[in-house]
Amino acid sequence: GAMALSDELWAEVPAEKRIFCSVLLFSWAVYLWEAFLAHRQRRVYRTTTHVPQELGQIMDSETFEKSRLYQLDKSTFSFWSGLYSEVEGTMILLCGGIPFLWNLSGQISGRAGFGPEYEIVQSLVFLLLATLFSAVTGLPWSLYNTFVIEEKHGFNQQTLGFFFKDAVKKFIVTQCILLPVTSLLLYIIKIGGDYFFIYAWLFTLVVSLVLVTIYADYIAPLFDKFIPLPEGELKQQIETMAKSIDFPLTKVYVVEGSKRSSHSNAYFYGFFKNKRIVLFDTLLEDYSALNKEPAEGEDGENEQTKSKTKNKKQGCKNEEVLAVLGHELGHWKLGHTVKNIVISQMNSFLCFFLFAVLIGRKELFAAFGFCDTQPTLIGLMIIFQFIFSPYNEVLSFCLTVLSRRFEFQADAFAKELGKAKDLYSALIKLNKDNLGFPVSDWIFSMWHYSHPPLLERLQALKDAKQE
């Protein structure tokens, strides 16, 4: 009886109130679920103080303890930052932050001589203010993460000046991309007629392809220094390996990641017959600035860095670097990259189609405090961010599961290239260099880990080594 009664009461609540409450409740439900998972994982960090038996050969107790404390700090930090952003988001919704900012943007663009009929101008002012707001509120968290947590555990290599210059650069570059792209998108939606969602989707497809193409050549170098990998044994080995699997390699770069942090990585990018491989200098034993002793008489900054990294030999041997690349190229050869693009574009098309279906619903706008106007940008925000959030959660979980499958397949590919032993030792080294903690709660890892846990990957490689 009580259920039926509450259903009736719920049905009497106006649609916009129901939409608003559902969005808020779902947001908190997701938050609490994540908090519950994080709590389970924290318990693992707290209680696993000794190296488990099966990890005996893989990790020494000193590294194990270091990584335990690092992950514990990171987990506590993400608890507080997560709580903050959930509360902030809730307050913005409850206090009508979105319509407030929209009206403010209207006043600003009005002063500049653009009346309400210039909706796109108002939308751009709105975007600028919104991104500025999130950049400013995110700054203290980002500072704490870099200069307290990463610093304490010996990863941070940035100075405060570098950090702020970086933040300003990032903000400006983002605006240079975001504002023109958004204004074109809004324009296309406005003039596209009944089939605008097809044009809008095609436009976003083109933009994402263009961005991927120019990112590494024009955008990434604004933040980090890229140098071609010097001629030598490693370069030859990489080229030979690429040739053996028909990977159309055109250049190999080393990126100076050590200016930023001592975490390490490798990736490839580029379209069609024009592919580049990028190695972090922190991945390479020979090139890592962290392993080099500074020359006598250099400035004191190097002294600091030296003391920080003196006892940490970092990076992988050439064979191990090749094994890591074998894994990365496996993603390409097995079509994972293409599959991911296809999935994301199908998803994007579906979202634009549903957006077209929903954009005419006045109650969606009313739910978020827009009773008189239905601005397109706000519609995009409400539908993509709030209305689709249950769908997005499900999708992202499925993609995480898929990603783990892809990782196993790429490991197996490297194995077929005869790199099982080197990949095995490289994974252990990278885990050590990045202070990954090799024990995880099963639900937490199932929900969050895009890569399978270290032990499972090593186990899969080991089975091969014995064959």
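Every residue gets a Cβ built from N, Cα and C, even glycine.
Remember, TrEMBL labels are computer predictions, not curated facts.
For reference, TrEMBL has these:
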ACT_SITE  E328  active site
BINDING   H327, H331, E407  Zn(2+) binding site
DOMAIN    228-463  domain 'Peptidase M48'
TRANSMEM  19-37  transmembrane segment
TRANSMEM  120-144  transmembrane segment
TRANSMEM  171-189  transmembrane segment
TRANSMEM  195-216  transmembrane segment
TRANSMEM  341-359  transmembrane segment
TRANSMEM  365-388  transmembrane segment
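Feature map: annotations from TrEMBL on the structure.
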residue	record	CB count, 10 Å
H327	Zn(2+) binding site	24
E328	active site	22
H331	Zn(2+) binding site	20
E407	Zn(2+) binding site	21
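A distance of 9 Å separates the Cα atom of E407 (Zn(2+) binding site) from that of the residue listed as 'active site'. Across the domain 'Peptidase M48' (228-463), the model assigns an average pLDDT of 88.
Excluding the listed site residues H327, H331, E407, the same chain places E328, G330, H336, F406, Q409, A410, D411, F413, A414 with Cβ atoms within 8 Å of the centre of the Zn(2+) site Cβ atoms.
Among residues of the same chain six or more beyond the transmembrane segment (120-144), those with a C-beta under 8 A of the stretch's C-beta atoms are 77, 81, 84, 88, 101-102, 104-106, 108-109, 112, 114, 163, 167, 171, 174-175, 178-179, 182-183, 186-187, 190, 375-377.
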